[in-house]
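S.K.: Shown below is the structure under consideration.
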Amino acid sequence: MFSKMPKKPEHLSDGSMTLFSFSDKGYFLWKRGTKVTGYWAYRKSKHDFRRREEAKTKGQYAKRPKSLNEFHGYLFDLDGTVYSGDTLLPGVLSTLNRLREQNKSLLFVTNTTIRTVEEVRMRLEQLGVACSESEIMTASCAAGMYFQEYEPGARVLMIGEQAMKRELERFDVETTEDASGATHVLVGMDRQFTYDRLTQGMKALRNGALLIAANPDPFCPLDDGAIPDTWSLVRALETASLRQTFTVIGKPSAYYAEKVFQKLDIAPEECLMVGDRIETDIRFGNDHGMYSALVLTGADSRKDIVLTGIEPDYVLASLRDILADW
Ligand SMILES: [Mg+2]
């Protein structure tokens, strides 16, 4: 299938274009109509970013240091970054208020599949953070967009919780319980996951359905430990079905980045991605041309930077550190 990929953008008769880009799992086909402006900006920046990275390895270039007040867009992960359990983390409110005063663009980007966008907004509101639903992106919301945009005829066997189902309904995605008729198996976090569910998913995949992972998170940290997350279930399905994951939707994927830049309409190098997980948040920022800041209030610590080899541009003790440059 890869040999048929276009080498450059192709204009189709209906005025849309096909493009391809690199995702976690290989080449990824993009088909779109007129909403291409943001995408081109992103492509160009990604190209520039790769060029800079190549130059950096040759010792020719270092990312221009910026002070933390210089960005136009501020992207925040939620769990471990803005709140932990039911508690708002230190400095969050004062930092967000200051950014609002300065007319900065804010976006909350989470890999959660167990809360809808509306539920995330209400949760933030309960904690005293006012925002609109358009300032929130979740992995199941992005999954809904993905199916609506690229697989409008899909019949999706969903392994996940009610929130993901409601998000899919919002984007008119058809779900099915019929393993033999499913075109895709979409996997999110499912705290009621059973052997029967694994068997159904396996049957659908062996029958030719494509495996879509809502996010690549192996576990979800809680106040008193951790519970298995989406990727644990994806691996079980891969193992049982002998099929590989077709694509990953959430951070740090290229698809999620594209949706984010469409929402923000800001060049990636003008954005700061703040998060507590290196493999998803920091990689998301670094891979897509943004600046990245690891905040030490959640999952990862400084030693994880060495362990993963993924380096953030900034390390913050808490979100309050963003105000230090004001
Ligand atoms: Mg987090």
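Positions of Cβ are set from backbone N, Cα and C atoms, glycine also.
Keep in mind that TrEMBL annotations are predicted by a computer and have not been checked by a curator.
The feature active site, nucleophile is assigned by TrEMBL to D77. If you look up TrEMBL, you'll see D77, D79, D276 marked as Mg(2+) binding site. The active site, proton donor feature in TrEMBL is assigned to D79. Here TrEMBL flags K251 as substrate binding site.
Tell me about the surroundings of these features in the structure.
M.R.: In sequence order, F108, V109, T110, K251, V274, G275, D276, R277, T280, D281, G298 are the residues near D77 (active site, nucleophile), counting only same-chain partners six or more apart with C-beta under 8 A.
Within 10 Å of the C-beta of D79 (Mg(2+) binding site) we count 20 further C-beta atoms, all protein chains included.
Taken residue by residue with DSSP, K251 (substrate binding site) is part of neither helix nor strand, so it is coil.
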S.K.: Can you list the residues of the same chain, besides D77, D79, D276, whose Cβ falls within 8 Å of the Mg(2+) site's Cβ centroid?
M.R.: L78, G80, T81, V82, T110, G275, R277, D281, V295, G298, A299
S.K.: What does DSSP say about D276 (Mg(2+) binding site): helix, strand or coil?
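M.R.: In the DSSP reduction, D276 (Mg(2+) binding site) maps to coil.
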S.K.: Enter the number of other CB atoms within 10 angstroms of the CB of D276 (Mg(2+) binding site).
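M.R.: Step by step: centre on the Cβ of D276 (Mg(2+) binding site), count other Cβ atoms within 10 Å, giving 25.
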S.K.: Using DSSP with the three-state reduction, classify D79 (Mg(2+) binding site) as helix, strand or coil.
M.R.: strand
S.K.: Listed recorded positions are D77, D79, K251; which sit with C-beta under 6 angstroms of ligand 1?
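M.R.: Near the molecule: D77, D79.
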S.K.: If you count Cβ atoms within 10 Å of the Cβ of K251 (substrate binding site), leaving out that atom itself, what do you get?
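M.R.: Cβ-Cβ neighbours of K251 (substrate binding site) within 10 Å number 31.
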